[in-house]
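Report on one structure; see the data block that follows.
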Amino acid sequence: HMNLTAENHSIPLSDGNHIPLLGLGTYGDPQTTPKGTALECVKLAIDVGYRHFDGALVYFNEHEVGQAIREKIADGTVRRQDIFYCGKLWNTFHPPQLVRPALERTLKALKLDYVDLYVVELPMAFKPGAGFYPKDQAGNYIYHHTDLCATWEALEACKDAGLVKSLGVSNFNRRQLELLLNKPGLKHKPVSNQIECHPYFTQPKLLEFCRQNDIVIVGYCPIGSSRDASWVNVKCPPMLEDELLVSIGKKHNKSPAQVALRFNVQRGVAVIPKSFTPERIRHNFQIFDFSLTEEEMKAIEALNKDIRFVELLMWSDHPEYPFHEEY
């Protein structure tokens, strides 16, 4: 991966398409993020050189992300085929008959004809209905039976219809991946698995399993995460203050965040750092003008603490909760 450049850092997917190894995550708390933020930040990111954008219907801002992409196509900065957009199938849309309508909602919000990658956001299903987070009167989530293979077949039909170029998953453990890989009559293999991945949580076993099966890992929280206690394990030490990352950064005249991003990209793991701060959007892109030595890579790998920032504990009593198993 030493020949990665700012202009071209895409790697092949098993279906013949390509994914840029650096993307911009577009999640922002809908309550606190001012309207228009995603629009301006995605436009800036395209100007900076980002070509991969990671979004979802449940981020409530796909219309802004789509508008940004379309404005940058209209002004001649990029062509549609230069952009890689990943959308996600939410937990309330697992029943096969709801899959295509959910994808069509994303396409309608984006005002695009297709997405490049569409992934099953979680292996757990919620009760279908108007709300994305259905709860009973006691305040407990209302789960729903999921047949991941049936959901996958509905996704395969969406790919065959041209609505999506590549299909993947997110937060799947090994058993859940095997369920799809071993599905009788499988037509399109999952090309990617989006999971938490960073120097404190390097995912060696799942990474190896995915490599053996030609599945690209897309790492979320690649530079740690916000300290939002409602969904983040705040007991986890702040990774960007790690002495090793700081010292390796000093050697290369780079920040710990840039070192953490480069670490994953250099081992073929795509990263999607989320930022709505112009300065950080620019900063996170500056990882193609240096590379880490083999010793540095090994030293960073050894930082692994097997601690997740994102535990999704609110759903841990679900039968398909992915993180109870080792990997």
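Using N, Cα and C of the backbone, Cβ positions are placed for all residues, glycine too.
Annotated features in TrEMBL:
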DOMAIN    22-304  domain 'NADP-dependent oxidoreductase'
ACT_SITE  Tyr59  active site, proton donor
SITE      Lys88  site 'Lowers pKa of active site Tyr'
BINDING   His144  substrate binding site
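Cα separation, the residue listed as 'active site, proton donor' to His144 (substrate binding site), rounded: 22 Å.
The separation of His144 (substrate binding site) from Lys88 (site 'Lowers pKa of active site Tyr'), Cα to Cα, is 18 Å. Within 10 Å of its Cβ, the residue among the recorded positions Tyr59, His144 with the fewest other Cβ atoms is His144. A 10 Å cutoff on Cβ-Cβ distances gives Lys88 (site 'Lowers pKa of active site Tyr') a total of 26 other Cβ atoms nearby, all chains included. Per-residue pLDDT, averaged over the domain 'NADP-dependent oxidoreductase' (22-304), rounds to 96.
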